[in-house]
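Asks: According to TrEMBL:
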type	residues	note
TRANSMEM	30-62	transmembrane segment
DOMAIN	32-486	domain 'Major facilitator superfamily (MFS) profile'
TRANSMEM	82-105	transmembrane segment
TRANSMEM	112-132	transmembrane segment
TRANSMEM	138-158	transmembrane segment
TRANSMEM	170-195	transmembrane segment
TRANSMEM	207-225	transmembrane segment
TRANSMEM	294-316	transmembrane segment
TRANSMEM	336-352	transmembrane segment
TRANSMEM	359-380	transmembrane segment
TRANSMEM	400-421	transmembrane segment
TRANSMEM	433-451	transmembrane segment
TRANSMEM	463-482	transmembrane segment
REGION	543-571	region 'Disordered'
COMPBIAS	556-571	compositional bias 'Basic and acidic residues'
Amino acid sequence: MAPKANTTYATEGTASKGFKQDRQWNWRNFLICSAIACGQLAFGYPASIIGVTLAQPSFLIYMKLLDITTDPPSLVHNADSLIGAMSGVFQAGAFVGVIIGSFVMDKWGRKAGTIFCSTLSIIGGAGLAGSVNTTMFIIFRLIAGAGSWGFLALTPVYCAELAPPKLRGFFVGMNGMGITLGYSLASYMGLAFYYDQSNPSAQWRGPLGLALIFPVFQLLVIIWAPESPRYLLMKGKVEEARKIVLHIHHVPGDEDQEYARGEFYQMQKQAEFDRSLTPTYKAMFFKKSYRKRTLMACGFAFVGQSTAVLVINNYGPTLYAALGYGTLDQLKLQCGWITMGTPANLLGAVIMDRVGRRVLMLIGVFGCCACLIVEAAIIATFASPIPAVPNLPALKAGVAVFYIFLLFYGCGIDVAGVVFYSEIFPNHLRAKGVAMSIGAIALTDLVYLQVTATAFANIGWKFFLVFIIISGLGGIVAFIYLPETKGVPLEEIAAIFGDTDEVMVFSEDIHVDHRTHDLVIDVRTGRTVDGQQVVDEERLQRVATEGTAPKQAPATEKDHCEGPEHIDSVH
């Protein structure tokens, strides 16, 4: 690739400078990404429903985890380990979903990935709703986890590859909203079915069965949604990809469609280069810049989950019980807490393309850490154990801190993280890179959830100290190393990590000659001086992205330095 330099196009009044990136909104594109982002409901709902399920006495009694012959009823001797398995096995299934799913996405496309995840989610969800014992429940929870976590890795990639650069934070950020909306719906359904006292089995089977709606909906979405144009280009399907880009990135009133044509040209040239690279997991660790991206994504994924968010989510009712609240109040507080995530994620998605990913991610980590410190202090002082005359203002403050915690998490870690993972990897490694990131989340959650029930039973509030230390130190490391990716086209992300030579075309070098309606690419040649590349001559390369040869515009004195060189169209 020619060296990049900031210059102004030579002919005044005949071309515009770079993509018109302030004109990238397209309602069709927005609706497509919104529908795809709803796939996160197929993750958020099953991931969260276990919290309200475990809070239902009818479920614990049916699964023989609660001994009602004692006064008061108490958990059986192995209940803690079985409850931990029911929560943790969902994360274990993630490795099947994200690893196999990444191969499916790369080989057969993003739509095929949707079919794969939906199939697993439907099988797992149906089995959970029909479970008759703990063994059956754990097996189908594993299958459901594979499908659900597969969606967590799939839809951000799908949306990122369809979204315009300047709006990618919002379009991909809708995935975060889908996650928290799924969390909220699970809490609402758990609370709603709690009131069905006539059929104790329906109190937990009903909410579990409703999880089937979301993967079925995604199967309907892919009938209408287009395939990722970047995937198509990686498979050499240029014309199909061109039609999709010109369709979803059409700008009304622009007869030249400068943005869509220029973006497609950049995508096409980058895909031609990326097809020559090795798309393996091994490559992610043996090239320095790829290794750096992998460590950043997986590291932030680990730190994000080390804020105790899933522990609070899955064991929320247990924590509220520790603060002195009854079963019904526990469910209501859990609903309210999870509901906070949706406006928090919405806020993050809306402002992300203005303030950037890095700022939100750092605020999220440090904000969550601060909340954990306050929460641990409240539980240690006023709820360990709960005194005969509880300090109600302190207990209410403990609940409030949980709510503030989710505001930081949703706005910073949740929505910004899912965007960051989906945009920092190159075309040939994007699916695998996001799979690695989601795998790191799942592995972290698996470890925490396996030990949480036992940890709370034995050391109580001190378990929060683990999360406080990890999130605090992780925030410091993130402050030092996290880059900003706001508004950068996916094809140019490599330059942020020092791989400028892997960027085939920079968007600022793509223009339209409004006299001839041709794309014009600034190609800069240079010479080496003392080992440094120096730009000393500018040429113009004319490119037509449609099927016609470029027209030759009359040369003027400003068209060249020593005379422009017009090169035939490139497809």
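Cβ coordinates come from backbone N, Cα and C, glycine included.
What you see is a predicted model, and the numbers here were worked out from it, not measured in a lab.
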Asks: Taking 82-105, 112-132, 207-225, 336-352, 359-380 as candidates, which has the most Cβ pairs under 8 Å with the transmembrane segment (30-62)?
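Replies: Between the candidates 82-105, 112-132, 207-225, 336-352, 359-380, the best contact partner of the transmembrane segment (30-62) is 207-225.
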Asks: Considering every residue in the domain 'Major facilitator superfamily (MFS) profile' (32-486), what is the mean pLDDT value?
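Replies: For the domain 'Major facilitator superfamily (MFS) profile' (32-486), the model's average pLDDT rounds to 90.
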Asks: Using Cβ atoms and a strict cutoff of less than 8 Å, what residues sit near the transmembrane segment (294-316) while being 6 or more residues removed from its termini?
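Replies: Residues packing against the transmembrane segment (294-316) from afar: 47-48, 50-51, 54, 87, 183, 284-285, 330, 333-334, 337-338, 361, 364-365, 368-369, 372, 402, 405-406, 409, 413-414, 417, 420-421, 424-425, 433-434, 436-441, 444-445, 448-449, 452-453, 456, 464, 466-467, 470-471, 474-475, 477-478, 481-483.
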Asks: Short question: which residues 6 or more past the ends of the transmembrane segment (359-380) have a Cβ under 8 Å from it?
Replies: 300, 303-304, 307-309, 322-323, 348, 351-352, 394-395, 397-398, 401-402, 404-405, 407-409, 411-417, 420, 460-462, 464-465, 467-468, 471-472, 474-475, 478-479, 482
Asks: At a Cβ cut-off of 8 Å, and with pairs 6 or more apart in sequence only, do we get at least 3 pairs between the transmembrane segment (207-225) and the transmembrane segment (112-132), yes or no?
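Replies: Contact between the transmembrane segment (112-132) and the transmembrane segment (207-225): present, because at least 3 Cβ pairs are under 8 Å.
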Asks: Sequence-remote contacts (6 or more beyond its ends) of the transmembrane segment (336-352), Cβ cut-off under 8 Å?
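Replies: Same-chain residues near the transmembrane segment (336-352) but 6 or more away: 48, 169-170, 173-174, 176-177, 179-181, 183-184, 186-187, 312-313, 316, 360, 399, 402-403, 406-412, 414-416, 419, 486.
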Asks: Under 8 angstroms, Cβ to Cβ: which one of 82-105, 112-132, 138-158, 170-195 has the largest number of such pairs with the transmembrane segment (433-451)?
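Replies: By Cβ pairs under 8 Å, 82-105 leads among 82-105, 112-132, 138-158, 170-195.
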Asks: In the same chain, which residue numbers or ranges, 6 or more beyond the ends of the transmembrane segment (170-195), come under 8 angstroms Cβ to Cβ?
Replies: 29-30, 33-34, 37-49, 51-53, 55-56, 152, 155-156, 159-160, 162-164, 202-204, 206-207, 210, 214, 313, 328, 331-332, 334-335, 338-339, 341-342, 344-346, 348-350, 352-353, 410, 414-416, 418-419, 422-423
Asks: By Cβ distance under 8 Å, which residues at least 6 away from the ends of the transmembrane segment (82-105) in the same chain are close to it?
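Replies: Those are 46-47, 50, 54, 63, 65, 112-113, 116-117, 120, 124, 134, 137-138, 141-154, 157, 231, 314, 431-432, 434-435, 438-439, 441-443, 445-446, 449-454, in sequence order.
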Asks: Which residues, given as numbers and ranges, are at least 6 beyond the ends of the transmembrane segment (138-158) yet have a Cβ under 8 Å from it?
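Replies: Same-chain contacts beyond the flanks: 36-37, 39-40, 42-43, 46-47, 50, 85-86, 89-98, 100-102, 105, 110, 113-114, 116-128, 131, 172, 175, 178-179, 211, 215, 218, 228, 418-419, 421-422, 430-431, 434-435, 437-438, 441-442.
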